[in-house]
Structure formats: structure tokens, C-alpha cells
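This report concerns only the one structure given below.
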Amino acid sequence: MNCGLSTIKYLLFVFNLLCSLCGIALVVIGGVSLAKISDLQKISEDHNIVAPSIFFIILGSVVFVIAFFGCCGAIRESYCMTQTYGFFLLILIIGQIVIAALVFIYVGDVREAFKTGFTKIFAERDRQTNAELIDTIQSNLQCCGKTSALDWLGNTPQSCCQSGTAPLCVPWLQGCTSALGEFIDTTGVVLGWVSLGVAVVELVGLISACCLANGIRNRDRRYA
């Protein structure tokens, strides 16, 4: 194998190690976001807010497996394995770009739906299940009421308090509708850009795989 092809081979191996780390990172990000937003699913049944997190966990697992396959193809200098790796990597890149685009397009609709859903739940806060959900949101997002603590009409719960004991405490200043909207926007942006970032890394691996496969085929033809 000539120097150029050998360089591509080891570059592909390094990039696949990087892709493996990206796959692990996707699983971690998906797991953390799933743990944080699973309770919010009860706010709106029209949008499956946990779907992107589950997708990231699955995507990270697939990326890890494909990257491992690519490492094997590069080290063994197998034309078939390298081509197969490149094919699946191309499908994965296209899928990630589509998912990122959908996240950016629909994150605004999801945000408004969940803000509306929280308003409805807050209006029925006397129900035990709604009260528990509101407490969870207020504690996690560090917010109070729909727009402010005044929405509680003096019956401020402990989950609203920055310090002290309810109802005579220092409440969080931000309302939960705006906090919820900001949280969904931030989560959507992070998931979308992480997906695109991993796709860029995978694109470098795809180009390297194509170059390596072409070099292996040309070498085999010369020595056939």
C-alpha cells in the first residue's frame, strides 16, 4: 500500500474513533434530555416531546456500531466492508440532516403548544395530578406561576421559592410559560446543532472511506 493510501487508512481509523465518541455523546445527551423533559410530556398530548431524545439514544448507538464497522474495514483493508460502511454512513448523514431540519422547523410549534398546555393545567391546578406536575416544572425550571408568583394569589407553593418557606418566601421571578418556552427552544437548538455537528464529522469519514475503497480497488486490480 502506497504512502497516500496508508495515510487515508489511518485517518479513517482515527475519524471512526472520533465517531464512536460522538455516538457515545449522543446517547448521553439523549439520556440526559429524556430525564429532564419526560415529565413535560403530560402537558401536551399533541406533540411527542420525548421522541427527539429517544431518537438521539438510538442514533448514538447506531453511530457507534457503524464506526466500529468502519474501523474494522480500514484496518483489514477490506473493499467490501469499507464500501458497506460508506453506504450506511451516507444514509445516517442524510437522516441526521433531515431530523435536524425538522427540529428547527417545528420547535416553535412545540413551544407554543406546551405553553398553551401549561396554561390549561395551571387553570386546573386544584387537581392533585396537575398540582404535582406544576410543582415539578417550577422546581426544575426555577419559575413560578404562569407569568409570576402573583398568579398564585398569595397561596405560593414551596416549589416557587428561591429561599425561605412558603407562602412567605422569595419566589422565582420568571413565569413558567416563558421559562418553558425558553427550555424547549434551547433543547431544540442543542439537539439540532449536535445532530448537524456529528453529521459533519461523519461526512469527513465518508469521504475518507470512499478514497480508501477506491485505493484498495485500484491496488487489487494492479496486483490481480
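Every residue gets a Cβ built from N, Cα and C, even glycine.
Look at TrEMBL and you will find 12-34 (among others) tagged as transmembrane segment.
Annotation comment: TrEMBL describes 54-75 (among others) as transmembrane segment. Remote same-chain partners of the transmembrane segment (54-75), defined as residues 6 or more beyond its termini with a Cβ less than 8 Å from a stretch Cβ, comprise 9-10, 12-13, 16-17, 19-20, 22-31, 33-34, 81-82, 84-85, 88-89, 92, 95-96, 99, 191, 194-195, 198, 202, 205, 209, 212.
According to TrEMBL, the transmembrane segment annotation covers 87-107 (among others).
Among the features that TrEMBL reports, disulfide bond is placed at C144-C160. Taking a C-beta cut-off of under 8 Å and a sequence gap of six or more, C160 (disulfide bond) has these contacts in its own chain: Q138, C144, G145, A149, W152, A166, C169, P171, W172.
Sequence annotations record features per position, and here TrEMBL assigns transmembrane segment to 190-213 (among others).
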